[in-house]
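A.B. asks: If you scroll down you'll find the structure; I have some questions about it.
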Amino acid sequence: MKFYELREPMAAVPFILRVLRFSGLLGCPRGLLRFGLSFLGPWLVIGLPKLICGFGSDLGLNVRGYAEVLFMCNIDVRMLVFFWHRRKLAEFVEIVQKAFDKVSTLSSDSSMYKMILKSNQMMDKSAKSYVLYTLGTSGVFLVLPALQSCGIYFMNHGNDTVVPKFVTATAHEESGWDVDENIVYYFIHVMLITPMHLLLGLRFATIDTMIFCGVRSTILLFRLVSAKLEKLHEFSGSTLREQFLDVVNLHVDALRCVQILEGIFSFVVMVQLVSTVIIWIAMVLCVSNNPNANAINLFVLLILITAQSYILCRLGTELTAESFAVATSSYDCQWVQLPADIQSGVGRILQRAQKWEGITAAHFFQLDVERFGAMVQTSYSIFVILRERLMHS
């Protein structure tokens, strides 16, 4: 498929840069207008009507409705953080591209060139697949309720004794429109919310793929440092010192990339994890107390946000592991054969690489897979307590 072709093999995150320009996060001033309109659209059509009109007295509908509003807040707060730090994003891309440009001067048969090429192909394919997956899931989120509602309408057509209840993709507000009972109003509602949900899905995918490609690119810089350290003993004289200077500069660049990622993603990660726990509890509570046709859509939302949070935690674990791997490569680089000044420099790299590097959630805790497991346990404990309180109230 041409869509999956990597057009610029040695470019830093080319697909994500195109998506960011399309979203208005990078590029010309007209992009800012596009970003503002795409930001306001879903709130004017979906978010504000929910907040202004409310959801009536039904507990399940309220839980579901406000969980959906929180999901929108999660997407847009993170997007605003990205917008605020767009210059840092540009600096990050510049650092990574500088490292890739140096590798591109090597032979195409060299191990480092092949490593960059293979990693870029994997990142590009993964990013494109994730965008398609998110947009496809958004489509399922919208299409399934419409198909269910069509079935309900045709099965009850001509039966005046039964008032059909149509299935809506989201909890609709108490606006006075009988969206779940009038088929005309229902499809007007569907036509209004469909482009807005696809836009939210694109923003959701843009944020996640930027985090994914950012972390994977930084991991790649650490791997380049390790690969260069392993080859240091093959050089001598002035060439050795030039190669070692490249290693030091590359390690500094990799650490700077971690700082940039932490500066951009730290608050984003905190918002993500907190909203994930709240949405988990709200959605499971809603489904367990009132299982109905809407449960399918709730599970789609749960799958999306759960996959998103797990990927974040997994990336945090991999980034930390690769930063520590530099210390191992420093020790295993046959440093005893190197001149005294280079040995001293390798020792400093080893010492620096033993310090923890990674992403935190607003500096409260480190992001790793163990944190994801702790989130699941905490969410389940809170859910059990809330369910018992509701059962006895």
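From the backbone N, Cα and C atoms, a Cβ is placed for every residue, glycine too.
Automated prediction, rather than curation, is the source of TrEMBL annotations.
Dumping what TrEMBL says about this protein:
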- 130-155: transmembrane segment (TRANSMEM)
- 183-202: transmembrane segment (TRANSMEM)
- 264-283: transmembrane segment (TRANSMEM)
- 295-313: transmembrane segment (TRANSMEM)
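On this model, are these features tucked inside or out on the surface, and what's nearby?
C.D. replies: Listed by sequence, the residues of this chain that lie at least six past the ends of the transmembrane segment (130-155) yet keep a Cβ under 8 A from its Cβ atoms are 19, 164-169, 183, 186-187, 190, 193-194, 197-198, 200-202, 204-206, 208-209, 212, 293-294, 296-297, 300-301, 303-304.
Within its own chain, the transmembrane segment (183-202) has Cβ neighbours under 8 Å at 19, 23, 38, 41-42, 45-46, 72, 75, 131, 134-135, 137-139, 141-142, 146, 149, 153, 166, 168-170, 172, 177, counting only residues six or more beyond its boundaries.
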